[in-house]
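Participant: The structure's right below; bear with me while I get my questions together.
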2 protein chains.
Amino acid sequence: MDCVPIKKAARNYCSVESWKNRFPITKWLPGYSLGYLVSDIVAGLTVGLMVIPQSLAYASVAKLPIQYGLYSSYMGCFVYCILGGAKDVTIGPTAIMSLLVSSYGKQGPDQHTGIHEPSYAILLAFLCGVIQLIMGIFHLGTLTGFISASVVAGFTTASAITIAFGQVKHILGIHFSSGSFAEDVYNTFKHIPDSNPWDVLLGVITIVALVLLTLIQKDTVVWEKKGWKDASMATKVLWKFLWFMGTARNAIVVICGMLVALALESSGHADVITVTGHINSTGLPAFKPPDFHLPNILGVFNIGIALVPIIGYFESIVIGKGFARQSNYKIEPNQELVAIGVCNIAGSFVQAYPVTGSFSRTAVNFQSGVRTPAAGIFTGAVVMLALAFLTPLFRLIPEATLGAVIIVALIKLIQLPIIKRLWTIRKLDLVPYLVTLVASLGLDVAYGTLIGIGVDLVILLFPVARPSIKIDSSSQQINDLELSSASHSQQLQVGAESVAVVTVDSSIRYPSIDYISEQITELSSSVDHPTKLVLDFSRVNMIDYTVVQGMSDLMVDLRRAGVRAAFANVLPSIKEQLNKGDIYQLRMFDSVQDAIWSLAENTGEDLEPDNNGDVKA
Amino acid sequence: MDCVPIKKAARNYCSVESWKNRFPITKWLPGYSLGYLVSDIVAGLTVGLMVIPQSLAYASVAKLPIQYGLYSSYMGCFVYCILGGAKDVTIGPTAIMSLLVSSYGKQGPDQHTGIHEPSYAILLAFLCGVIQLIMGIFHLGTLTGFISASVVAGFTTASAITIAFGQVKHILGIHFSSGSFAEDVYNTFKHIPDSNPWDVLLGVITIVALVLLTLIQKDTVVWEKKGWKDASMATKVLWKFLWFMGTARNAIVVICGMLVALALESSGHADVITVTGHINSTGLPAFKPPDFHLPNILGVFNIGIALVPIIGYFESIVIGKGFARQSNYKIEPNQELVAIGVCNIAGSFVQAYPVTGSFSRTAVNFQSGVRTPAAGIFTGAVVMLALAFLTPLFRLIPEATLGAVIIVALIKLIQLPIIKRLWTIRKLDLVPYLVTLVASLGLDVAYGTLIGIGVDLVILLFPVARPSIKIDSSSQQINDLELSSASHSQQLQVGAESVAVVTVDSSIRYPSIDYISEQITELSSSVDHPTKLVLDFSRVNMIDYTVVQGMSDLMVDLRRAGVRAAFANVLPSIKEQLNKGDIYQLRMFDSVQDAIWSLAENTGEDLEPDNNGDVKA
């Protein structure tokens with residue numbers, strides 16, 4: 001055996017360059033400068049201020065105690081700094097990961113609080129990381145190419161609707177244990193009369209404030225871009241201040257909400273608005289491995305074990321590619337998989353649930369002028385400080401405030417205008433979008449996405465499953481033959497009643513064999529019932545095992561229907577496959593004419609197929 | 001709107017002929033004769049004798065109380081008699097359906113007995129029937145074409161191994177609650193020292209007896225075929241007797257086992273061998289609808305809700321087609337789906353779990369000379385009689401006997417010789433076989449099958465995901481152009497440094513867009529960095545929404561890399577799609593030459609793409 005290619009691959013694999021690619025920090029760290037450091041600190045701290053309220057809110061989407069949002073927000077930043085290839089990407093909990101965790105990272109909620117035991121979510125993070133790492137090492141990231149843009153849009157829209165609607169109850173200050181989207185809708189409307197008007201007031205004010213701050217932030221980005229050079233110092237300071245207010249909007253509304261709660265508590269009206277309430281654990285989480293001895297792991301994680309790593313990767317890579325495009329650099333998808341994988345594995349040791357790149361925080365990171373992934377260190381440090389010193393305050397966070405934060409963050413992910421785009425560009429692509437959307441809302445997003453991918457594949461594979469078949473049952477070829485070989489005229493006239501030539505216009509693969517067999521056997525029971533049939537394989541350049549089996553069955557079926565069949569123009573490789581398939585009375589000829597001639601010559605002396613009880617199952 | 005085709009379809013749908021196809025009984029009943037009746041009675045009773053011990057054993061595979069096997073064995077026979085199109089097919093519990101029910105038809109076993117609450121299995125039968133009925137009505141049976149012969153072989157082998165090995169503990173007389181295949185193997189070997197020698201003795205004797213009877217039955221079939229005409233009356237009677245003994249082998253060993261247990265019980269040694277033990281309910285099951293108010297239905301049924309109907313249908317159709325081939329008639333797959341669907345719906349009202357066509361019983365039905373599906377009436381009647389009068393005796397059935405019945409029945413389903421066939425016919429098809437086999441044994445057969453189908457689709461789609469791309473970066477075309485249009489020579493020389501022409505050799509669909517984009521952007525960062533690029537779309541006859549999005553991103557990427565790009569030879573329909581896609585600086589020309597010319601003419605005046613924070617997610 002020749003080992004040269006293996007040796008070469010091994011040498012390639014071990015080269016300094018490839019190891020540098022595996023640790024992108026080695027590429028940017030040598031050129032790191034004070035200017036970069038300042039930029040990274042500003043960006044890192046800005047994102048840090050953003051991630052604290054966001055992660056608390058997302059933990060509540062994941063139906064975990066809210067401090068788990070912070071537990072999940074720092075380790076990923078540190079790890080990504082070493083392994084990550086996109087300067088802008090910020091790793092941490094996201095809405096979609098939280099939604100998946102709420103479905104696949106739990107063993108049934110606590111009866112009293114509706115909160116889940118976090119051990120499963122942490123183990124899920126570990127396993128998700130291992131799968132992502134393996135996928136990255138074996139370069140399987142490209143498999144996500146089988147998820148089309150329509151399915152992604154359907155999935156994102158359904159997730160956003162599910163998550164946002166799930167928060168309406170917090171705005172209304174009503175309580176019930178959440179279930180599917182349909183149950184949530186039903187219960188929310190049923191409980192509207194029990195709404196707490198003070199929660200509603202706080203929620204609505206928070207939403208309005210958040211929308212205004214979002215608009216302000218967007219406008220300042222535009223103003224700065226257009227008029228930064230000509231602006232006065234005062235204008236610049238005002239713009240920066242407004243931009244910062246907009247960016248820190250979540251932190252601002254959470255602090256305001258806490259102040260309101262504190263004021264109410266001090267004045268003896270603690271129960272007027274619904275707050276998060278007492279948190280058992282304070283400070284940083286312990287560093288310990290996830291619990292590998294949980295019961296019924298497969299039952300709990302279910303399809304989540306496959307979908308959480310894939311969707312997590314997908315979310316991050318879409319964001320990473322988008323911002324790499326903005327900043328004119330390239331990212332290596334499989335290296336990103338490795339990075340996120342290690343983020344999740346390491347995260348599971350500090351009780352993090354599955355994390356990935358966050359769109360909103362990555363955008364702010366970019367706008368804040370981040371230069372390298374080192375910014376993550378400062379984001380992580382802010383989160384750790386918050387955990388160390390602020391957890392006792394979290395009990396004051398009003399639930400309506402967190403609900404408002406989530407709703408405003410997610411409403412823009414609801415992609416309905418895409419319906420018009422799909423309609424104008426390719427109507428058929430509306431089907432996977434709508435199927436994914438409806439199935440995700442009706443069942444849950446994971447199943448909905450799987451179903452959507454399935455429908456998309458069926459649409460994609462339709463041409464493979466239904467190749468075009470040309471059936472020529474004229475007897476012209478026979479007549480030609482009669483002229484050229486007069487000695488065979490007796491048989492030929494018998495044969496001339498009808499010969500069908502069937503040409504399949506592409507390679508034959510397993511999804512199409514039933515269809516092809518049916519078309520051919522139907523032909524044999526048609527009115528001008530041909531007694532001879534030639535399968536012209538001139539355009540068939542690939543078959544598979546199922547097709548060989550199918551051809552074998554087809555030959556028996558044809559013989560029983562009184563049709564004598566032969567193959568013509570079979571490629572040598574396919575000839576070999578058919579020969580090895582033990583096909584009943586296999587006859588192959590170099591041309592259609594030869595095949596017709598031979599069929600016309602020998603009639604009737606074929607053996608009947610075996611009539612015993614054995615069938616090939 | 002023109003209603004003619006709808007009217008025509010409606011008329012077709014309502015025609016007498018199509019209704020006759022929907023009730024195949026209308027086709028054979030008018031010609032029914034006394035001769036047919038005798039044949040059907042013989043076949044029906046023979047199969048009835050066979051189904052009683054088999055169904056008791058399969059119920060234990062499904063981890064249900066054994067009488068549920070009989071509950072599942074008669075309604076299907078009656079319904080199929082009216083709706084079924086294959087005279088040989090016998091509907092009832094099967095090993096594979098039972099295995100699936102053991103995984104997806106339960107809410108955790110009873111702590112003491114390891115037996116599951118049957119309500120879920122019954123509801124699963126109902127839902128499975130509804131799905132099959134819907135699939136049949138909408139002609140979705142063809143979707144099973146996406147399951148290749150390799151996956152089916154892997155699935156069947158894994159199921160047989162799992163079920164057969166799961167019975168080893170009954171032969172050994174040891175007890176532990178079953179789990180995955182791996183857990184079963186581990187626990188079985190761990191408990192070997194606790195084996196009950198009397199159970200082992202009974203089990204081994206039963207296995208030997210069954211194997212001998214199977215061989216005798218096979219031989220008599222051969223003898224009869226060869227020498228029936230010349231045989232003496234005595235020989236014929238002997239053959240028929242031996243054949244019957246072979247066919248009734250399961251009933252014989254079960255009766256013998258019960259006699260042994262009865263003898264031991266009477267002599268005060270009741271505990272020497274392990275028996276099924278007392279059965280709570282006796283007689284026929286009540287006729288009542290399944291329980292629709294069970295908790296956590298989605299969690300229990302899981303992917304089973306999709307796989308049980310599909311695998312059930314698949315099992316039946318493979319058997320049906322095989323025997324239709326033997327007896328020279330045709331079956332209509334979608335009508336079979338309707339028939340099995342109604343069998344399952346009706347069955348769920350008499351507490352049946354999901355049923356389908358049984359291979360072994362169909363084979364015996366065929367060998368017994370069945371003429372019409374009316375034989376099912378007699379099979380069903382035998383089962384009902386057994387339920388009415390024999391249930392009190394079932395407590396005496398030794399577990400080792402049932403275990404032996406299952407092991408002998410399934411060992412022949414283990415398809416290992418197929419490895420050699422796959423190896424010789426198409427090695428790549430070994431991959432889905434082995435993946436399905438290993439994943440089914442490692443996880444469970446449902447997940448394993450899904451993974452196998454996935455791997456198979458990836459192999460199938462590889463050419464779609466990796467179309468061949470021809471890149472021509474010679475500057476010859478430019479030079480030709482220089483000669484023909486001298487006035488443009490200045491710009492052309494600038495352009496002549498390098499122009500790449502990229503031709504994609506098939507339609508571009510979503511799984512390939514990332515790959516194509518990567519190939520093209522890599523080109524732009526290669527050594528002979530082309531500054532101009534023409535995408536020759538002459539062979540592209542289909543694109544989709546994801547591709548339009550991808551092309552839009554690609555154009556931005558190329559511009560940022562300093563490459564000016566244009567499309568050439570775009571089909572009108574694709575031109576329209578691209579036009580509607582808001583693609584950045586979209587330029588389309590009627591020929592590659594025109595495109596090169598235009599690119600060479602206008603240099604540098606393009607606007608830079610927007611540099612704001614917005615990316616398309």
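In case you wondered, yes, glycine gets a Cβ from its N, Cα and C as well.
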Participant: Pick from B:34-56, B:80-102: which range does TrEMBL record as transmembrane segment?
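Facilitator: My reading of TrEMBL: the transmembrane segment range is B:34-56.
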Participant: Looking at B:297-316, B:337-356, which stretch does TrEMBL describe as transmembrane segment?
Facilitator: B:297-316
Participant: Are there residues at least 6 beyond the ends of the transmembrane segment (B:237-264) whose Cβ is under 8 Å from a Cβ of it, and what are they?
Facilitator: 46, 49-50, 52-54, 56-57, 202, 206, 209-210, 213-214, 216-221, 223-224, 231, 270, 272-273, 275, 364, 367-368, 393, 396-398, 400-402, 404-405, 409
Participant: Take the C-beta pairs under 8 A between the transmembrane segment (B:198-216) and each of B:145-168, B:297-316, B:374-394, B:401-419, B:431-462. Which stretch has the highest count?
Facilitator: B:401-419
Participant: Given pairs 6 or more apart, does the transmembrane segment (B:431-462) have at least three Cβ pairs under 8 Å with the transmembrane segment (B:374-394)?
Facilitator: no
Participant: By Cβ distance under 8 Å, which residues at least 6 away from the ends of the transmembrane segment (B:374-394) in the same chain are close to it?
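Facilitator: For the transmembrane segment (B:374-394), the sequence-distant neighbours (Cβ-Cβ under 8 Å, at least 6 residues beyond its ends) are 32, 36-37, 39-41, 43-45, 47-49, 51-52, 55-56, 66-67, 70-71, 73-78, 80-81, 84, 87, 90-91, 258, 276, 279, 281-285, 365.
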Participant: Using DSSP, tally how many residues of the domain 'STAS' (B:497-599) sit in helix, strand and coil.
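Facilitator: Once the DSSP states are binned, the domain 'STAS' (B:497-599) shows 48 helix, 18 strand, 37 coil.
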Participant: Could you pull out which residues elsewhere in the chain have a CB under 8 Å from any CB of the transmembrane segment (B:297-316), counting only those six or more residues past its ends?
Facilitator: 89, 91, 94, 96-97, 100-101, 103-107, 120, 123-124, 127-129, 131-132, 135, 141, 143-144, 147, 152, 155, 336-337, 340-341, 344, 354-357, 359, 446-447, 449-450
Participant: Which residues, given as numbers and ranges, are at least 6 beyond the ends of the transmembrane segment (B:120-138) yet have a Cβ under 8 Å from it?
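Facilitator: Long-range Cβ neighbours of the transmembrane segment (B:120-138): 62, 64, 68, 72, 101, 104-107, 289-292, 294, 297, 300-301, 304-306, 308-309, 312-313, 334-348, 351-355.
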Participant: Near the transmembrane segment (B:145-168), which same-chain residues lie under 8 Å Cβ to Cβ, leaving out any that are not at least 6 residues past its ends?
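Facilitator: Apart from its flanks, the transmembrane segment (B:145-168) reaches 61, 95-96, 98-99, 178, 181, 184-185, 188, 311, 314, 318, 402-404, 406-407, 410-411, 413-416, 418, 422, 429-430, 432-437, 440-441, 445, 448-449, 452-453, 456-457.
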Participant: Averaging the per-residue pLDDT over the domain 'STAS' (B:497-599), what integer do you get?
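Facilitator: Overall, the domain 'STAS' (B:497-599) comes to a mean pLDDT of 87.
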